[in-house]
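Asker: To start, I am sharing the structure in question, which I have written as structure tokens.
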Amino acid sequence: MLLTLRVQGARHWLKSTRCLASSAAPAKSPSSPPQLEVSGSTYATDGWTNVTPKILSYVGANKHLQTDHPLSIIRQRIVNYFYGAYRNQRGNPLFSVYDQMNPVVTVQQNFDNLLIPADHVSRQKSDCYYINQQHLLRAHTTAHQVELISGGLDNFLVVGEVYRRDEIDSTHYPVFHQADAVRLVTKDKLFERNPGLELFEETWSGTLADPKLILPSSKFMDQTKQPCHTLEAVKLMEHEMKHVLVGLTKDLFGPRIKYRWVDTYFPFTQPSWELEIYFKDNWLEVLGCGIMRHEILQRSGVHQSIGYAFGVGLERLAMVLFDIPDIRLFWSNDSGFLSQFSEKDLHNLPKYKPISHYPQCTNDLSFWLPQDIEVDAGFSPNDFYDLVRSVAGDMVEQISLVDKFKHPKTGKSSVCFRIVYRHMERTLTQAEVNEIHKQIASASVDSFNVQIR
């Protein structure tokens, strides 16, 4: 979520403008144990299991709750803003906050409940960390929406870590943090000053079977409104949502920040927008939001309300507000890093001062893929990135696929990855890097049946 962060376009919410594809589950890896224990529960593994011990080690770290941590500071700023923006008649905050929810969710919670198509690329093993075919580490905190709405909540924030298989560089990490919010209102509340107006069109039947309600999950969906809602209801809800989110943005970035709204598509909201700010001569995406799809509310047992939702990445905000250059720093326990931040004054956001600049070490790794296997057709670079993380941990700063080659005679494909090593807290020797590099090469042979060039 970032000047370079811009390429991350939707770390806060699942994007749906990527190509649709399907992926069959391969046989279970021989390295997977028969069972995994995560967050106090035991799960049987199967052919979908791809979560690694390295990734599981992050579960329960709760960096967003760690005192004097930059992510905790951003979390508190967001929570405090919503506490102030919405209060009941007694002056108490309307929004409740859930920041320790179990990150293990079902496929239904993460995808089906949010109307994400069955063939959407975000469901693939190459994108998510699956515990088994029915359970995964949540890819977004939006996964808890139906659960909380079904429990009777109508104004809430969910904050926590989310997990995505991704590339390796200074702005991508397999675990990051999101804040998600939902606000629902009834007709009486929305039209308090205009009691003659309605939430829903007279022609709408109010059932899930209504073909006017069930729309294909397409980025060409009507950006004006959903068929069930009246235009008046949508416009009032849109106005409130945008007013509140612009207020949040100004609270974080200052009252004179330049901003703009951009139409977009999310499977779970319609219409949908992204909020961008003009920062250091670039437009920077800050958050995604929209009017909640009414199908989601109906599945939650709510039939007479309209709502908005938004999602934002905490790292995205913190990297900009604190001038933190590398996303790995959020996982550092170095006192030289952590001592720079304090929760005593949440509105005094210090700029990060580098502890030291350690040199990079760069090594290339080239290998032949097995016969009839190609990149993104049997071999996913994300699988290689996970392997590297498991072997080298945070000593790897960046990986890039720098070359692909198909032999004209044998038909075999070759790839070359450039791996940049740099520790955040000390200097790495070339000999140390070479040893780690050998371990990565050996693990690649064992895991992918490749031939090192």
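The backbone N, Cα and C atoms fix where each Cβ goes, glycine too.
Got these off Swiss-Prot a minute ago, pasting:
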- Thr142, Ala143, His144, Gln145, Arg164, Thr171, His172, Tyr173, Gln178, Ala179, Asp180, Glu285, Phe310: substrate binding site (BINDING)
- 356-453: domain 'FDX-ACB' (DOMAIN)
- 1-27: transit peptide (TRANSIT)
Asker: If you measure every Cα to Cα pair among Thr142, Ala143, His144, Gln145, Arg164, Thr171, His172, Tyr173, Gln178, Ala179, Asp180, Glu285, Phe310, the residues listed for substrate, what is the largest value in Å?
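Answerer: The substrate-binding residues span at most 27 Å between Cα atoms.
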Asker: Which of Thr142, His144, His172, Gln178, Phe310 (the binding-site residues) has the most other Cβ atoms within 10 Å?
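Answerer: Highest number of other Cβ atoms within 10 Å: Thr142.
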Asker: Sequence gap of 6 or more, Cβ distance under 8 Å: name the residues on the same chain that satisfy this around Asp180 (substrate binding site), in order along the sequence.
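Answerer: Non-local contacts for Asp180 (substrate binding site): His140, Thr141, Thr142, His144, Gln145, Leu157, Val158, Val159, Ala309, Phe310, Gly311.
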Asker: What does DSSP say about Gln178 (substrate binding site): helix, strand or coil?
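Answerer: DSSP call for Gln178 (substrate binding site): strand.
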Asker: Between 0 and 100, where does the mean pLDDT of the domain 'FDX-ACB' (356-453) sit?
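Answerer: Mean model confidence (pLDDT) across the domain 'FDX-ACB' (356-453) is 90.
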Asker: Looking only at the domain 'FDX-ACB' (356-453), how are its residues distributed among DSSP helix, strand and coil?
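Answerer: Grouping H, G, I as helix and E, B as strand yields 34 helix, 35 strand, 29 coil.
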Asker: Just to be sure I understand the packing, how many Cβ atoms besides its own are within 10 Å of the Cβ of Arg164 (substrate binding site)?
Answerer: 20
